[in-house]
């Protein structure tokens, strides 16, 4: 990252962070706040009443699993906000010390997420339609979300000492989990339900729009395009589109049939 330098009246050179660095740090804090707010709105029934969307009872057979997975996912968004705040307030050592905790949380999310994805769809009638997809078709989105989350987290951890890569990867990891929350905000989904966009993107359009907005906002405040984020977002958007089309194939139908036995 670039630094600015000035010469004092005594001849000493003083260095400091450039304004773009400060804006970058604030951007990540702002992005984390936006995602946390969306999670709280989307899952408001869960947090306020202990119920599922749009107010129905949590499935008794997997109630504990739902609660554990929901809390762990919310914990990840909170962790992303805390880590962003630590960097913004120049507490990098604390940020680094909390890194292993985030790794453990990510691993727990993957395990509970895989368990939840299979267990929940075993209890749903096979002819139930959601976002133009049958339940067997819809199940692939859960696996896809966990896969992309794992990929972005893994890349972020591998490049943890290179902030220009680490930070956008962790942002993308968090963004990749946002579709379930945004899909539960009815006023937003009503804008495209029943259109060709619903068939193409399913419940993920809101998440992809949010990701595009992050790219534009970061460019606006820093006056530079974040290449790593742009590449990661492009992968996320294109594979999301392909995954929904794959969900409608006979190949996935056979895979889902085996998983749901």
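Using N, Cα and C of the backbone, Cβ positions are placed for all residues, glycine too.
Remote same-chain residues near the transmembrane segment (26-46) are listed as 52-55, 70, 73-74, 77-78, 80-81, 84-85, 87-88, 167, 171, 174-175, 178, 180-185, 210, 214, 217-218, 221-222 (criterion: CB distance under 8 Å, separation of at least six residues from the stretch ends). Look at TrEMBL and you will find 26-46 (among others) tagged as transmembrane segment.
Long-range Cβ contacts of the transmembrane segment (66-86) within its own chain (Cβ-Cβ under 8 Å, at least 6 residues beyond either end) map to 25, 28-29, 31-33, 35-36, 39, 43, 46, 52, 58-59, 92, 94-95, 98, 101-102, 105-106, 108-109, 112-113, 115-116, 120, 170-171, 174, 177. What TrEMBL lists as transmembrane segment is 66-86 (among others).
What TrEMBL records for 98-118 (among others) is transmembrane segment.
Summarising the annotation, TrEMBL assigns transmembrane segment to 138-159 (among others).
The feature transmembrane segment is assigned by TrEMBL to 204-221 (among others). Sequence-remote contacts of a segment are chain residues at least 6 beyond its ends whose Cβ falls under 8 Å from one of its Cβ atoms, and for the transmembrane segment (204-221) they are 23-24, 26-27, 30-31, 34-35, 38, 141, 171-172, 175-176, 178-179, 182-183, 185, 188-189, 192, 197-198, 229-230, 233, 236-237, 240, 244.
Sequence-remote contacts of a segment are chain residues at least 6 beyond its ends whose Cβ falls under 8 Å from one of its Cβ atoms, and for the transmembrane segment (228-247) they are 133, 137-138, 140-141, 144, 148, 152, 155, 164-165, 168-169, 171-172, 175-176, 200-202, 204, 208, 211-212, 214-215, 218. The transmembrane segment feature in TrEMBL is assigned to 228-247 (among others).
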Other parts of the chain folded back onto the transmembrane segment (98-118), taken as Cβ under 8 Å at six or more residues beyond its ends: 62, 65-66, 68-69, 72-73, 75-76, 79, 82-83, 86, 139, 142-143, 145-146, 149-150, 153, 157, 160, 173, 259-260
